[in-house]
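Student: Take this structure first; my questions come after.
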Amino acid sequence: MSKPWLFTVHGTGQPDPLGPGLPADTARDVLDIYRWQPIGNYPAAAFPMWPSVEKGVAELILQIELKLDADPYADFAMAGYSQGAIVVGQVLKHHILPPTGRLHRFLHRLKKVIFWGNPMRQKGFAHSDEWIHPVAAPDTLGILEDRLENLEQYGFEVRDYAHDGDMYASIKEDDLHEYEVAIGRIVMKASGFIGGRDSVVAQLIELGQRPITEGIALAGAIIDALTFFARSRMGDKWPHLYNRYPAVEFLRQI
């Protein structure tokens, strides 16, 4: 029987598909049982993020087709972190699961999917990475509006590692977090953090020109966002960092 393929996609700021990072480090730990295809030709850019995601989606689709068409007996798994989780989530939701999807013919060969810090996380669907951060609460979901749905009904297994306090992967459905979703939408489309009408700062100013009754929730969302990004310099204490070893063990269960 053919070795299964593992496709991995790095997060923002990690364009080297072979470099250090959760997906690649996880793959290196299971090379005895998987063939590994890291996704390159993908800038993993912070700004503008959505075009970067689209390039990652196109490359992941291409590599899945190339590898699985060449070996009709090979199963496969996918793993993505942060922006890479969006790439994997987009391919899964829009190209593998729909009967009309370009990759739907491979659905029965998909065995495992791993996400860390997933902005497309399905509400209430979260797993512990057995580390220092608590797992996301049952009433939380990913920050993007285009989220995964009904993952429990499919034949493949999923681990969606999400921490409480990870703004990308764990928000609630209330007024404050509605603005965090809007901030997430801004990050996807913005040309940069500051400078120009399409920067994050300019778009936040525009978002702030809302009725005064909405001001408290908006201010809270902006404070949450700025606090979250500031904590990225805190090392392991940043909730958007994850422990890979439960994912390694999960992949080994084949």
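Every residue gets a Cβ built from N, Cα and C, even glycine.
The structure displayed is predicted, hence computed values, not measured ones.
Per Swiss-Prot, active site is recorded for Ser82, Asp166, His240.
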Student: According to DSSP, folded down to helix, strand and coil, what is Asp166 (active site)?
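Tutor: DSSP call for Asp166 (active site): coil, neither helix nor strand.
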Student: Measuring Cα to Cα, tell me the gap between Ser82 (active site) and Asp166 (active site) in whole angstrom.
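Tutor: Pair distance, Cα basis, whole Å: 10 Å.
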Student: Any idea what the Cα distance is from Asp166 (active site) over to His240 (active site), rounded to a whole Å?
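Tutor: About 5 Å separates the two Cα atoms.
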Student: Measure from the Cβ of Ser82 (active site) and count the other Cβ atoms within 10 Å, all protein chains considered.
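Tutor: I count 27 other Cβ atoms within 10 Å of it.
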Student: Tally every other Cβ atom lying within 10 Å of the Cβ atom of His240 (active site).
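Tutor: Neighbour count, Cβ to Cβ under the 10 Å cut-off: 22.
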